[in-house]
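Working notes, beginning with the structure itself.
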Amino acid sequence: MEVASTLLEVARKTPLSIFALGTILSPVFLIACLAVYRLFFHPLSKIPGPLSQKLSGFPRIWHCRQGDRFLREMETHDRYGSVIRIAPNALCFNTLSALQTIYTKDSNVFKGDEFYGLLDGGAEGGRSIMMEADNTAHAARRRVLDKALPPRDQAFRDLNALSKSFAYAVFQEGSADDKGWSKPIDVAPVSAWFSFDLIGTIAFGSPLDMLHEKEYRWVPKCLQSASIFLFWGGYSPFLSFWQWVLGTRIPSILRLQTLQNAQRYADFADWMFHRRAEKLNTGDDLESKRADIFQGLLRSKLYNDLEMRADSSLLIAAGSDAIRLTIAATIFYWLKNPDTFEKAAEEIRGSVASPDEVSESVLASLKYLRACIDETMRLSPAKPSSLPREVMEGGIVVDGIYVPKGATVGVSVYALHHDPDIYPEPYSYDPERWLKQSQDRRMQATFCPFLKGPRACPGKTMAYFAMQLALFHLVYGAPQGGVTADGRTSRHRLRHREGEYQFNDWILGYADGPEVQFKARE
């Protein structure tokens with residue numbers, strides 16, 4: 001009261017101070033009014049959540065920047081329940097019913113600019129298939145993309161050859177000491193090289209040869225740096241500004257490294273697309289005669305040049321994401337749970353007399369290996385945070401809650417995958433849960449590492465091929481004398497589980513480790 005009286009007294013004595021006082025107090029008054037509205041009168045005001053998240057979207061931006069947004073969503077669900085308010089105009093759910101309501105063909109939602117607004121920033125107006133808002137147009141493009149996927153037999157042969165190279169690269173990275181142990185090998189970067197070589201082959205007809213050469217090994221790190229910015233920038237209130245900046249020379253002039261990396265990655269994706277188009281046009285090389293995704297897209301009449309450039313950027317990033325993270329995470333969980341590794345190794349080594357005999361039917365028979373991969377993707381999904389959908393005119397009802405036009409809704413995959421009612425002991429690595437005859441039907445319904453619905457990953461089958469083959473050849477060729485691993489720990493309050501693979505969610509999943517050592521046979 002004394003402060004207020006003093007301000008009013010000064011204002012009475014100095015007329016100009018009335019204007020100054022108004023200038024100072026007006027923003028404060030507006031902020032106070034906005035806070036009151038968001039807390040008590042906003043259509044989502046009754047939804048529980050932390051006070052900071054009800055008042056502002058900046059906590060979400062902060063956790064996006066830190067890479068732990070999925071952990072924050074999980075923590076908030078544990079405290080407040082199955083529906084939480086993660087920003088003033090955004091809700092997050094962790095139920096099967098919400099998953100089935102939001103991510104379906106006929107749901108009254110679409111991909112708005114929030115989060116997605118920057119993802120096609122380097123394509124100069126082109127929209128990738130992921131960003132295609134119109135469901136009819138998306139379905140048409142998806143049909144073309146599905147047909148453009150290489151035949152299964154060709155894909156299997158290509159992936160099998162790359163998987164052998166992956167295993168060889170892992171073993172080659174280490175050299176045995178006088179006690180027979182190799183030096184520690186960080187599996188994460190080798191997995192990244194493998195996944196980029198894979199997408200180069202499947203999508204563009206030729207690998208980038210990262211497993212053998214260093215020329216393009218800068219690309220994964222460049223993409224990681226760009227992803228960090230694109231993730232938090234997509235939720236920024238200055239989204240339009242960032243969209244404009246990405247189309248200018250400002251990042252280069254001001255040496256804004258993160259934004260430069262975003263443009264550098266976009267330029268690389270453009271180069272990959274144009275290189276493939278040029279080879280197809282000449283028609284005189286082996287790659288032009290083989291089936292790959294961009295061969296099919298280039299021959300279709302549905303896609304224009306800008307759309308294919310946008311899809312090039314998308315496919316390189318998204319196509320490599322789950323594969324590299326899951327391979328590294330599976331190795332981590334195996335070596336933190338040695339009995340699971342021994343069981344997987346016994347199954348793999350007993351399936352064929354030689355690794356050269358592996359086939360689709362052999363992979364299909366490796367039930368425990370598939371269960372290990374699924375359990376890894378349950379615990380450490382590559383897309384763990386909620387993927388927002390903006391509500392259209394007429395609103396939507398999710399789990400009995402009416403959500404009006406303009407608000408965003410999503411489901412936390414990480415929280416859904418750790419529901420103790422569906423997955424008992426949810427933080428335990430237990431591949432056996434996927435092999436039980438009495439398996440809860442909700443497990444398959446809630447399991448969504450490749451998302452659900454008409455916008456789910458089109459390359460799911462090939463991703464499984466790649467992960468199974470890479471792990472098959474790694475285990476089959478690994479020395480049987482001994483294996484050990486070390487994971488990265490953290491003092492972060494949300495990363496306290498020693499047996500959990502720690503990774504960051506920056507649109508794509510990124511991690512270091514595990515570091516692995518092999519011991520030669522006696």
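Each residue, glycine too, has its Cβ placed from N, Cα and C.
Keep in mind that TrEMBL annotations are predicted by a computer and have not been checked by a curator.
CYS457 (heme binding site): 18 other CB atoms within 10 A of its CB, across all protein chains. Taken from TrEMBL, the feature heme binding site applies to CYS457.
Feature annotation from TrEMBL assigns transmembrane segment to 16-37 (among others).
Within its own chain, the transmembrane segment (226-246) is flanked in space by residues 57, 60-62, 64-65, 67, 87, 113-119, 121-122, 258-259, 261-265, 317, 505-508, 510, which lie at least six positions past its ends and keep a Cβ under 8 Å from the stretch. As annotated by TrEMBL, transmembrane segment applies to 226-246 (among others).
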For CYS457 (heme binding site): DSSP state (helix, strand, coil): coil
